[in-house]
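First up is the structure itself, then whatever we jot down about it.
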């Protein structure tokens, strides 16, 4: 089993190191990740400039081959599968993200996008995030457990798993729940300021607070001390709307 590991926090982040070390118990691990933090990159590809790659060898990854890419998480997986990793990997695992990817966070997440790219290219994939920045060993434990399960019982071809783990010691986790995505309120206002020359500058504000966080959501599972696993589909077609949209178009004449 050859496992491609990537992330969006960068190749030197604590989370990807904990993940790659844990997954060596499951097979051969190859790390291909951004050379810096690319959080919020979503599913973007770099098209206007060439991608530059630095081979890091086996430094800091428990003997695993590793590469730093000057690009996005999606670039990393795309480049790894199509060029860098030979023979091809059998699975793609993204994370461990430094912070939650709950609800509509998945739209912006480079971690989820890396897993999605893996699935798009034909490989079983999962994204794993720690809802905090302390207990990476807990998230790594569940990542290894899920990878072992996927080796025996592969996922459906059109799905990835989005996994969120409470920032708790392993013995304080209550269990695992299968969840749906919750939802947040509209993001908070943009933060406006000035640079030293008096020119306006802007910072994207923090995400909105929880809106749909009821029972059955990923938000609720985390709040109650459970690992949340949400299956995400690659096909974004709103099948339930096809007939209604056709009828609406008929009304337009």
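Just so you know, glycine gets a Cβ as well, placed from its N, Cα and C.
Quick look at what Swiss-Prot annotates:
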- 8, 9, 39, 97: divalent metal cation binding site (BINDING)
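Everything Swiss-Prot records as a feature, shown here on the structure.
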{"residue": "8", "record": "divalent metal cation binding site", "DSSP (3 states)": "coil"}
{"residue": "39", "record": "divalent metal cation binding site", "DSSP (3 states)": "coil"}
{"residue": "97", "record": "divalent metal cation binding site", "DSSP (3 states)": "strand"}
* Sparsest-packed among the binding-site residues, when each Cβ's other Cβ atoms within 10 Å are tallied, from 8, 9 -> 9
* Asked: What count of other C-beta atoms do you get within 10 angstroms of the C-beta of residue 97 (divalent metal cation binding site), across all chains shown?
  -> 31
* **For residue 39 (divalent metal cation binding site): intrachain residues, at least 6 apart, with Cβ closer than 8 Å** => 8, 9, 98, 99, 109, 110
* Asked: Quick one: which residues besides 8, 9, 39, 97 have a Cβ within 8 Å of the divalent metal cation site's Cβ centroid, in sequence order?
  -> 7, 10, 13, 15, 37, 38, 73, 98, 99, 109, 110, 111
